[in-house]
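Undergrad: Found this in TrEMBL, in case it helps:
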type	residues	note
DOMAIN	A:9-182	domain 'Cytochrome b561 bacterial/Ni-hydrogenase'
TRANSMEM	A:12-33	transmembrane segment
TRANSMEM	A:53-73	transmembrane segment
TRANSMEM	A:94-111	transmembrane segment
TRANSMEM	A:141-166	transmembrane segment
Amino acid sequence: MWRNTDESYGWVTILFHWAIAILFLCQIPLGYLTQATENRPALQFELYQWHKSIGFLVLALAVPRLIWVLLTVKPRPLPKTTRLEAIAARTAHLVLLLLTVLVPLAGWAVASASPLRIPSYVFNLVVIPPLPFTPSERQEIFWSNVHAVLAYGGGMIALVHILAALRHHILLRDATLIRMLRPHRD
Amino acid sequence: MLHGSLLSGAVAMLLLSGAAWADTLADVAGRYAIAPSSAISFSVGQVGGGGISGKFPKFSGTIELDPGNIGRSRVTFTLAPGSVTTGEARVEKFLRSDAVFDAAAYPSITFRSIRVTQLDSSTAAIDGILAARGKSRQERFTATLVKYDGRNVTFHVVGDVLRSPYGMDVGTPIYSNVVKFDMIVQGRKF
Ligand code: HEM
Ligand code: HEM
């Protein structure tokens, strides 16, 4: 039930997947809005705090999830999966797994490199210290670009990933998506 | 050696007598215009230590110290929030914007004393109405006389002002609701 088997994803994998997927997908428009609200500074400030808080939550989930994925078995590919499809899916999953860690890390780097030194006060509950950077505008811009490229790149890969899942469900009518919704009952 | 200790003894005497003869508020009574050499400094703490500190370089005001009755003294003060400096252009832009001062719509912040209470020979509490961003509220500052040369007077003025009553509490609780003013106010007799 909780662990994966050869046939089925367990609840740990499923809950990690959907919690991180939903938060990650919300973070992209939220991150975009922090850039689009330049002329509404009070709103922009609030959006930044939500963006940083949710981002740290993603990081807090993505790190144990990465460890979990590396330690646990994966269900076998469904019958009729071609070798190429299996490799493409594996690669996309690996890249997405890494990006759910790297994108918030890069965001943390932006906040740490910024001369504004705005504290990261996650959900107004915990102060996360900055990474040990010497703040400078150059560093901030660099990490901001890294963060944006990784985030939008991740969004694009996620889009392909979602379309692939829908293709399996709607066109191929196989159990790929169902497997990620609930564990198989033996 | 002997000379040295005699000398330092004399210096100590001088310093002591200086302290004993320090000017009192009553001694410096008069009407003063607040001079541009004053430093209107403030700081706002942030969670985890540190914070934002800055100055308002544009201001004006008057101090009238009643010779007979310090309690009847008056202070008026006006500052231009748009002049705020913090050493970080983005912070200044944010402070001037409608998120905080809304300096375009409210170009000045004013303080008008309603009561001056002498606390000791050189210190007084100044209660007055602070008007900022369309809201008025009573605030208290404490002024200590530090220097007087017959024409120019220097006070060290401190006071804590809450941001929320003025609708300027953006960024709390990351940034404190309390603005700490720590000012050197210099007056020139007129
Ligand atoms: C799942 C995690 C995250 C995602 C998907 C994400 C996504 C994004 C996106 C799409 C942008 C807009 C980029 C642009 O248009 O320039 C952005 C901006 C930003 N994010 Fe994140 N972010 C995440 C986590 C974080 C974290 C944890 C922090 C800080 C602690 C952070 C700080 C920032 C900052 C400061 C900006 C504005 C500067 C910039 O454009 O890079 N983000 N984010
Ligand atoms: C609504 C959107 C999504 C749907 C429908 C969806 C669907 C799926 C499905 C069906 C699988 C299982 C694939 C297989 O067994 O080969 C899966 C795995 C995975 N998905 Fe998604 N996904 C979505 C969003 C996301 C997002 C946004 C991310 C990352 C940011 C993501 C990352 C992953 C990863 C890393 C795996 C592999 C999981 C593991 O091995 O534990 N997914 N997804």
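For all residues, glycine too, the Cβ spot is worked out from N, Cα and C.
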Undergrad: Cβ pairs under 8 Å only, please: of the recorded stretches A:12-33, A:53-73, A:141-166, which one is richest in them relative to the transmembrane segment (A:94-111)?
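TA: Answer, by Cβ pair count: A:141-166.
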Undergrad: Over the domain 'Cytochrome b561 bacterial/Ni-hydrogenase' (A:9-182), work out the mean pLDDT and round it to an integer.
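TA: On average, pLDDT over the domain 'Cytochrome b561 bacterial/Ni-hydrogenase' (A:9-182) sits at 96.
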Undergrad: Which residues, given as numbers and ranges, are at least 6 beyond the ends of the transmembrane segment (A:12-33) yet have a Cβ under 8 Å from it?
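TA: Contacts of the transmembrane segment (A:12-33) (Cβ under 8 Å, skipping residues fewer than 6 from its ends): 2-4, 47, 50-51, 54-55, 57-58, 61-62, 64-65, 68-69, 72, 100, 103, 107, 148, 151-152, 154-155, 158, 180-183.
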